[in-house]
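Novice: Would you mind keeping the following structure in view while I ask a few things?
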There are 2 protein chains.
Amino acid sequence: MVKMGVAHFSGSYSPVPSDTMYSSTLLSKSSIKTSPAFTLNNQVFQTHIPKPLNNNFHSSQPLTLKSLKVRAMDTQEGVPSMPSFDFHGIDQKLVDRMVYDSLVWSSLHGLVVGDKSVQRSGKVPGVGMVHAPFALLPMPFPETHWKLACEVAPIFNELVDRVSLDAKFLQDSLSRTKKADAFTSRLLDIHSKMLDINKKEEIRLGLHRSDYMLDEQTKSLLQIEMNTISSSFAGLSSLVSDLHRSLLDNYGKLLNLDSKRVPGNTAASQFADALAKAWTEYNNPRSTVMVVAQADERNMYDQHWLSSLLKERHNITSIRKTLAEIDAEGELQADGSLIVDGQAISVIYFRAGYTPTDYPSESEWRARLLMEQSSAVKCPSISYHLVGTKKIQQELAKPNVLERFVDNKEDIAKLRKCFAGLWSLDDSDIVNKAIERPELFVMKPQREGGGNNIYGNDVREALKALQKEGTEEDAAYILMQRIFPTVFSTFLLRDGICHKDDAISELGIYGAYLRNKERVIINEQCGYLMRTKVSSSDEGGVAAGFAVLDSLYLT
Amino acid sequence: MVKMGVAHFSGSYSPVPSDTMYSSTLLSKSSIKTSPAFTLNNQVFQTHIPKPLNNNFHSSQPLTLKSLKVRAMDTQEGVPSMPSFDFHGIDQKLVDRMVYDSLVWSSLHGLVVGDKSVQRSGKVPGVGMVHAPFALLPMPFPETHWKLACEVAPIFNELVDRVSLDAKFLQDSLSRTKKADAFTSRLLDIHSKMLDINKKEEIRLGLHRSDYMLDEQTKSLLQIEMNTISSSFAGLSSLVSDLHRSLLDNYGKLLNLDSKRVPGNTAASQFADALAKAWTEYNNPRSTVMVVAQADERNMYDQHWLSSLLKERHNITSIRKTLAEIDAEGELQADGSLIVDGQAISVIYFRAGYTPTDYPSESEWRARLLMEQSSAVKCPSISYHLVGTKKIQQELAKPNVLERFVDNKEDIAKLRKCFAGLWSLDDSDIVNKAIERPELFVMKPQREGGGNNIYGNDVREALKALQKEGTEEDAAYILMQRIFPTVFSTFLLRDGICHKDDAISELGIYGAYLRNKERVIINEQCGYLMRTKVSSSDEGGVAAGFAVLDSLYLT
């Protein structure tokens, strides 16, 4: 168990709240107990929870030294050196000032979420607000890997588009999953219906986020997953980069850190621009963008930032509707256009609908089908959504599959470089290896929404149980190589309290893709999301659920 | 009792919370029960509570009509026509949309306060935030009166400065008050000590706010009071004007309202600029601005906005300290400069120290004296503070007193035009008249911080009690002509809930004044504060405490 350093804020000591960022879920179908989910106000962290391999931080030492030391670690095999932010020498008064300033900054600049402890905070804006959890300082990250991640973003965008056009590949790849996972099955049904009516999506909008971890041992940037629906935190992560730059502008000299090494993050405005361009392509000046939202959404301000930028920068109005409301208020016109609550909808932006719990009744599925049948631009379409499943990710990682969708060999090499080991459970060799060495694997369910990954000995137990059952159940999972990122000590802020702890980070790169028939209008990388969480070796421990928004510091 | 219209927000009906904006206080010395205070997160509304004279709003009518009507009222005696915003025909769906948008806007743009129901919200920034209470739409206000109020701001600034230099006038005018009011007495003691040591204030900074009401019967703009210390809401009121302009940009056509008729409000940046210029005059690049704050301050974001602008626009750092902290950490250097917590202080900006409760022990008085003795620029100095007392306001309203301080006859005429009737309680004629017709008067205590005014029959009872006692107690009060402003129906938002009700408004005009020896560096009007509150005829009713931030719509 890693010892935890708690930074004293305003002179008062507060222990880590034990339950607010932590939730444990059960797989409804298989009843296999999973490891805890990492939730940030309903948005779940998808990352692995490694055992810390590198614990340089000694929390038992007193905080007395006057300045922060940036120390270069050993390099190996030509990989650039990575400085470790050594916080055990940082002046506590300086930390207190930065904590106070950053909390004020968050409040004045809309870096906020709904507070779980306030009942209405997920429904009514403006009440029960609390600063979004964030890291006090950016996480060091090698510039070469950052550049690589940015570089592959447009290639991934295009890959998603190409794969989405191969309906047979999608249906075939997911055919076994369909039998084992009811949610994927319903999505595939809609996909089939669209094939039956020969539905064409001329304007195709993707707002993706590709998530990576930097593997400590291989020094390689490995993709965790590709999000093609409801890629969250574009709004808030842009603000965290601004916050960190502002803090380093004020305190950077004392810390020997340069604010210019925090990359600018225009994810929010670029996503808003992409939505606006899709609206323009649809070409109905009286139409509106519809945000499909969950009824209770504590991460609403992240979404409101996009709507606000859409209005301020492009004078385009957006409305928010739940799937149930769309079922009740939506109708298709004879020409295929969608009217919801009396308003013509040109662009449908999904911030709900990615997880089974978003479809508690047939009403929600009717709404999803209705939207898919319409001529509105869907972000994402059902086929884009399916491309984002773990199974497709795993299929694409197989030999010679990328070649079916990407022409350029250099591009293929770049993508493949990011692929972690991915296997289906019908590969008995790999299943046996995972039973033998479960610590090297993660077992992942198909579903988005995360938090259902299986780690450690649970992998062995789950695989054995599936072998015994001998059903199609195994098709609901894939196996993935477990990634062990570098551990850094950092300061994590939540609920006004600053905690010092060892942590690991996951980098998400946003990408926007817009195409109208053969004309590609946008294909670009759009800022980033850095998420950092406590790397407790005690996977079941309460501290493990503590994850925050972050930015990166190029090294 | 005025019936109250409640706008349904997001389909749910919520009654007015009965206690959160309402507080009743007792006068500690006289034990005369006063009418309820109107508090907005510790900042008390100083205004009169009139009985509504003009109740055009029929809340019992259903909200069905499709557009808002702006109706011109009868004009009289050449006073410009004043449109009444007639909200009983407004489309409920439009209101709901504007309410939602405005709540989102507040959250993203830092129009927030600490939530009373969250314990830490006055101490720790970033937790327990809620949107500041505000009116959904700006209040109509005649442009001529607006211009007059702006025009007299620099004259009032200069008047404060001139009066502050006349130590004998201050001491003499307040000599009787000194015996009756312990708080004023302590301030006068500090003032005397400064006279004894012949303390010179070369750099003089005033950040004032002159508050007015528009009297319905006389159509005149009458000054309620002049705030020379801790003039609040410069930060948040600037945002409310932006919010209203943004709403009218989006919905103005539907409402037949033009966003350009909401005057721009740069109070926050102008106040920050004035603090920066005072810092520059003090001429110590390593020095900092000190905000003297209350330990528990739910209106902290209003203050943080000024500090934030000071940093962003001028790269000047500020620190926040309570009076007790200043007593513990402050020391005077041999050259008169002030060091607090190891930092040189060039400008002291008081957002505490204006009310007796800010001085619970001798420690706070020591801090006040320490600061006054220092060479730091005090905003305000003890003499500026004293000029803002009700007694001085009343003295200045006497015949031939203004002439002692202002040379220009036109300026004198303009100031006098704004003066309401003000009398001391040693004027037995006026006391008898007030006992006879108490509804025409307000009885006001010396102290700032408000909420202790006496109205209606309580005026009669209080005056009779004072006559019986025959002590110096009467010197703790002044009598003021009661002002009856026009009543408008409006939408008030608090805690995410929209209420429709009849309301009255008070206009505050900010002014900044900076002088170094004989050189006047700043003397300007700096934006405005509009406050609107429910005008219930039931003065003791719970709805009466409901006051919100507003802006104005020029008519």
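Numbering starts at 1 and runs along the chain as displayed.
Cβ atoms here come from the backbone N, Cα and C positions, even for glycine.
All TrEMBL annotations are machine predictions without curation.
Feature list, courtesy of TrEMBL:
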BINDING   A:R209, A:229-232, A:297-299, A:Q303, A:351-354, A:R531, A:542-543  substrate binding site
BINDING   A:E225, A:K390, A:444-453, A:Y455, A:480-483, A:E506, A:K533, A:E539  ATP binding site
BINDING   A:E225, A:N227, A:E448  Mg(2+) binding site
DOMAIN    A:288-387  domain 'Glutathione synthase substrate-binding'
Novice: What kind of secondary structure is A:R209 (substrate binding site) part of, going by DSSP in three states?
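Specialist: The three-state answer is strand.
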Novice: Reported as an integer number of Å, what is the Cα distance between A:Q303 (substrate binding site) and A:K533 (ATP binding site)?
Specialist: 22
Novice: About how far apart, in whole Å, are the alpha carbons (Cα) of A:N227 (Mg(2+) binding site) and A:R209 (substrate binding site)?
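Specialist: On Cα coordinates alone, these residues lie 5 Å apart.
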Novice: Using DSSP with the three-state reduction, classify A:S232 (substrate binding site) as helix, strand or coil.
Specialist: coil
Novice: Please list residues from the chain of A:R209 (substrate binding site) whose Cβ is under 8 angstroms from its Cβ, counting only those at least six apart in sequence.
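Specialist: Once residues fewer than 6 apart are set aside, A:R209 (substrate binding site) is near A:M226, A:N227, A:S231, A:S232, A:A234, A:G508, A:I509, A:Y510, A:G511, A:L529.
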Novice: Among the binding-site residues listed here, A:Y354, A:Y455, which has the most company in the form of other Cβ atoms within 10 Å of its Cβ?
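Specialist: Per the Cβ count, the most surrounded site is A:Y354.
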Novice: Determine, to the nearest whole angstrom, how far the Cα atom of A:K533 (ATP binding site) is from the Cα atom of A:S230 (substrate binding site).
Specialist: 21
Novice: For the binding-site residues listed here, A:R298, A:K533, which shows the highest count of neighbouring CB atoms within 10 A?
Specialist: A:K533
Novice: Could you round the CA separation between A:A352 (substrate binding site) and A:E225 (ATP binding site) to a whole angstrom and send it over?
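Specialist: Given the Cα positions, A:A352 (substrate binding site) is 18 Å from A:E225 (ATP binding site).
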Novice: Roughly how many angstrom lie between the C-alpha atoms of A:Y354 (substrate binding site) and A:R482 (ATP binding site)?
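Specialist: Taking the Cα atoms only, A:Y354 (substrate binding site) lies 24 Å from A:R482 (ATP binding site).
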Novice: Quick one: Cα separation, A:P445 (ATP binding site) versus A:S230 (substrate binding site), in Å?
Specialist: 18
Novice: Which state, by DSSP, holds A:Q303 (substrate binding site): helix, strand or coil?
Specialist: helix
Novice: DSSP on the domain 'Glutathione synthase substrate-binding' (A:288-387): how many residues come out helix, how many strand, how many coil?
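Specialist: Residue counts for the domain 'Glutathione synthase substrate-binding' (A:288-387) by secondary structure: 43 helix, 26 strand, 31 coil.
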Novice: Taking just the CA atoms, what is the gap between A:R482 (ATP binding site) and A:S230 (substrate binding site) in Å?
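Specialist: About 25 Å separate the Cα atoms of these two residues.
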Novice: Tell me, how many other CB atoms lie within 10 A of the CB of A:Q303 (substrate binding site), whichever protein chain they belong to?
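Specialist: Summing over all protein chains shown, A:Q303 (substrate binding site) has 25 other Cβ atoms within 10 Å.
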